[in-house]
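In Swiss-Prot this protein carries:
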BINDING   Asn134, Glu197  Mn(2+) binding site
ACT_SITE  Asp247  active site, proton acceptor
Amino acid sequence: MVMKMLREIVESFEDLVVIDKPVKKELELTKFLLKYKDKPVLFKDVEGWEVAGNLWSSRERIAKFLNTDNKGLLELLYEAMEKPKPFSVVEKAEFLKNREKVNLLELPIPKYYPKDGGPYLTSAMVIAKKEFVNVSFHRMMVLDEERAVIRLVPRHLYSMWKDSVEHGEELEVRIVLGNPVHLLLAGATSVAYGVSELEIASAISLKAFGRPLEVINLDGIPTPVDSEFVFKAKITDEVADEGPFVDITGTYDIVRKQPIVIFEEMYHVDDPIFHALLPGGYEHYMLMGLPKEPQIYASVKKVVPKVHGVRLTEGGCMWLHAVVSITKQHEGDGKNAILAAFAGHPSLKRVVVVDEDVNIYDDREVEWAIATRFQPDRDLVIIPNARGSSLDPSGKDGLTAKWGIDATKPLDKKKEFEKASLDF
């Protein structure tokens, strides 16, 4: 299968909304992304650039692109995270055709909301190489023509940067933007230190398209060839204020001192499309939440052998609320599944466990299961003062109360809870 660049992918979407009129990158672009929140949008003129947003704002669109369905998507991601595959190193890349000095202020980097600290790169991924290759999403707030401040949560890239700083060095990185969804999903996974997200992306690509992920060696760092923009950059030991910024819950994150990135050189394909990822939008939900579903699945599967599906819900920002479908074999399986789900995704605040006859992708069916199969005095699990998500504004000092709803049928009364159905 021939590799598709972003333009071909975008123009293949049947529900694509095209905005032909000029649009400003500060706030105006956001209005269109909010208006068409679940549809892909292509802006033909954002201060001279083409910009696309809401590209992966639905589970079905992602699944279709990866040649699968909702259930298959979970299995695909789970398998890729369990069994990463080597990527392929090639000699050519379309982005090498154009090499320029960086001026971040001239790029269509949006300021999404009025209280944002500045224009934000939101869809960019950072690639760093030490003893292994790490790929991860990091928001970056533009400071001037060549500098931005990067949010580094204490995970793998932070560890690499910290090691460089302690040795009196800057961390050399490649920043990529405008990539297909298999790389975006891989970049949002949380895997063990030493596992390369490029190999997870390659496993997804092999399963979905029959070919591995292709990269080019760009001065020592593997860089995906299907990138619209590539930046050579360095993360320094200097810091600056980062934020405010609207995170996945739609609320503003706090201002912190974070490292400064210096952008040294820019590459891009001919007529590139800039990917604008709306903070707190459906696309943000999908790309951040979908890679957590296999982790919940793996955790629940350790205590309940038959797990049929996991869904982080849009109403819970695909971060705080989940639904899990199981086949109950013993009384207590529902509660064990609840506890395992919380262990699989520690940011989770609420989980509903249902039987396999309930469609977890239909909120009405899930609520029906709660209404007809759940009794609060018997089936509710509450865990007070647990470590939760820092993104939950109702929590305090990282602590939250978690609650689980066991909406499964009692094994000794299955017939009394049978759903009426008719084949036609």
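Any Cβ shown, glycine's included, is placed from N, Cα and C.
Source: prediction; values computed, not measured.
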Distance [Cα-Cα, Å, rounded] between Asp247 (active site, proton acceptor) and Glu197 (Mn(2+) binding site): 23
Tertiary neighbours of Asn134 (Mn(2+) binding site) (same chain, Cβ under 8 Å, six or more apart): Ile127, Ala128, His156, Leu157, Met160, Ser196, Glu197
Lowest local Cβ density among Glu197, Asp247, which the record lists as recorded positions, within 10 Å: Asp247
